[in-house]
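Working notes, beginning with the structure itself.
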Amino acid sequence: MLQNFSKIVIVSLIKLIYITCNDELGNLTDLSRCILSHLGLEYRGEIQKTESGVPCQAWDSEKPVHKVNISFIDEKFSDFSKKNAMNYCRNPSLHPDGPWCYSMEKNNINETCMIPLCSFSECKATGPGMEYSGKHKRGLSDRKCLKWNKKRKKVRHDGNITEIEKYAAHKFPENDLSDASKFCRNPSGDVGGPWCFVEVEDSNEVEREYCDVPFCEDQECTVFTKETPIYSHFAAFESTQNFTFGLRLWDSDSFLNTSAKLLLSVLALPTTGNEVKELGFGIEIHISTTKVALTYGNKDDVHYEKLENPLVSHKYQFFSLNWDKGIITFSREGAVVPIFMAEIQTKNNLLGYHKDAFSYYSAMGENMLWSFPFCDDDDVCDIQTTTSEHHQQFWPLGRTDLGFDLKFYIRAFHSGYILLVPSPAVKYPALKIMLDKKDGFTEVVHYPRENEPPNVLVKHTLNEFLLDYWKWAEFTLAIFADNLQLFSTRDIGTLLIIDLRHESIRQIRWFSPASNDSVAHWTFSCAPLKSANPPPAFLPECALEMHENTYKGTQDLTNEGIPCLPWSGKGIPSNDFFNDKNEVLKTRNYCRNPLSDDLGSYCYTFSRTREIVKSYCHIRPCKSQECRLAGTGNDYVGKLNITRSNRSCMAWTATSFKSYNETLFADKKIEDAKNYCRNPTRNLAGSWCYTNDSRFRYDICNVRDCDKPEECIVIIRQKGTG
C-alpha cells in the first residue's frame, strides 16, 4: 500500500506543478509532465520524485532500498523495460491514483508521484477525454449538466437507484470540483468519453449522460474498430501498389496490452488470420505498441521488428505499405528506411495468380481509431462488405441542421443490420435496426444495459422484401431528438419503413453495419458507381435451368448469401476436379459444378464450427426465363404456355407442322421447349406456339419485355407524316 502524506502538502505541490507546467492559460499539454488518464499507464515522462519530494528508486536497482515486486516485468512499464524506466514514476501495479515509485527513504516504501492530469480546454486528446477541461456543459440529449461539487443520492445506474459520492479532486484536470463546475468531465475514467449528471425528466433522480466533445486531432476518414474473432468487414479499394493509413489508440490505458491488425486481400471472406494464410488470398500486418510484422501471408518465418511508439492515444501515427513483384515494405510515412521488408507467399495461390493486385482491406483492433485516405476522393464511393453479425467497424453519423442522418445503399440476400450507439467504445445503451431478417421481419431492438434483456421496439413484415442481392436498395435514416425514421427510396416516391420515438435515440452518435452470416454490400453517404452494380442476368452470369451443370459466371456465394472459399485453398477438395492448377486459380471462388452434381453448382464454405463444407449456390435464372431481351423474343426460354387469346400451347414435338428450324430454339433441344412459347421462326410479332384449338393453328404469346414496361412501348404500324 502507498503511504499517505499530509493533504496540505499534496494539494500545495499539485497546485505548484499545475501552475509551472501550464503551456498556456487553462492548458497543461506537455505529456512529459502530465498524464492522459487517471492510471497514467502511457506516461513516459521523467518525473522522478514522489508527491512529498522524495527521490525515486530505480526499478532495476541491483542494491534497492526496497525490494521490487517480482511481478513487475518489463511488459508492465510504458518503456517496456525496467532498465529504460530508470527511476521515473510509472504504474506497473495499475494503482488507481496513477504513477508512483519506490522511494529512497527506508521508512517510506512507496508513494504516488501525483502527476496531474493533462488539461485540454478546447477539445479532448483521447477517446475517454479524462484530460478535457473545456466549458461544454450539456449532455448528448441537450440536457443541462449538474455541478460536480455535490453528493448524488438518487442516481439511475445499471437499472438501479444508487448513491454516488463526490469524486476526488485529482480525478479532474482542474484538481478542484468547484472549478469543474457543471462542465463535462470524466472523473470515473469511463472509456466512452466525457459525461455529466443530468436530471431525469419528471422525477427527483439524475443519471449519467455522455457529452459531445470533439477530438483535438480529427481526420476526414475516421474508422473505429473492435477486436472480433474473424475478419468480417471489408472495404474495396482501387487497384494500386501502395497503401497509406493513420492509426491511434482510443484509450490511453490500453497502451500496454493492445494491438492492431490490417488485412489486404484478393477476396472478402469471413476468416481468421491463419485461415487467410491457408486459403492463400491475403496478407496480415500486425502492429503492437512495440513491434510490427507481416504475420500471415509471408513466405518465410514471422519476424517482428521493434518500433518506438507505433501506437499512442493522443495523435495519429501514419504508415505506408508498398508492394511490387511479391515484395512488401512497411514504413513510417516519410521515412527513407522501411521498418520491414518481406516476401509474400505466392506459390499456388490467388496472391500469386493475381500478382500484386489486392482488392480489399480489413482493419481490426480493440478500441482503435484508423484514418484511411479513400473517402477523400470525390470520384469514388467506397463499397463496404459485411460477412457476419460481428460489428467490427464504426463510423460517426453525419450532422444536419436538425439532428443526424445516414444515407446508405445496400444489396444483400437478407439481414442488413445497423447498430447505433452513443460511443463506439461502449456496448450500452444501443439500438439495432435489422432489415429483412431470415424470418422475414424487420425489427428495431433496444439494448438498455448489460444485465438487462433487449426490448423489441418495432417488429413488422412488409408485403415485399426490402433487400435484393442483385439490386441496390436506397435508405435514409433520420434522427431528431427522440425520433428515428427510416425511409426506403423507390423509383417512384419514398416509403416510410420505421417511425420510432424512444428516449435513447437522442444519445446516438455512431453506427456500425453487419449482416447475419451472409454477404451484404454497403455504401454510406454516396451512391454506388455503375461499376459496383452486379452483372445483369444474361449468360454466362445466369442459369437457363435450375440445376445448371455448365455455369461459368462469377457468382461467388450460396443461395443463403454465404461467401464461397477459393478452390485453390488448402483443405478444399478441388485438385481432381479441374484440368490443371491454372484453371483452379482462374476459377477463384466462383460457383461451379465440376462433378455434374444433380443438385447443380456449388462451392465450399465455412460452417459455424469453422469446418469446410459443400454448399449449393442455386444460380439465379437468366432474365430471358421470365421475359424477352430481344424485341422479337428469340431468346425467351421461360415457361409461359398460354397465348394472348388465352389458348393453351401444344408441345412442339407433338405437332405435325414443321415450319421452323429446330436449331433456332433458345433451348438446348426441342424437347426442352416442351409446350412453352418460343420463336424458332424469328416471327417479327414475337414468341408464339401451336395451340390445342383446332380453329387456331398458332397464336402469339404476351411475353413481357425484360427492361421496358408495356406502358412504355409504342408500336408504329406505318410511317407518320408531319
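Cβ coordinates come from backbone N, Cα and C, glycine included.
All TrEMBL annotations are machine predictions without curation.
Of the listed cysteines Cys526, Cys542, Cys603, TrEMBL assigns the disulfide bond with Cys564 to Cys603. The domain 'Kringle' (127-216) makes no contact with the domain 'Kringle' (550-622), as judged by fewer than three Cβ pairs under 8 Å among residues 6 or more apart in sequence. The Cβ of Cys564 (disulfide bond) has 24 other Cβ atoms within 10 Å, all protein chains considered. Within 10 Å of the C-beta of Cys603 (disulfide bond) we count 26 further C-beta atoms, all protein chains included.
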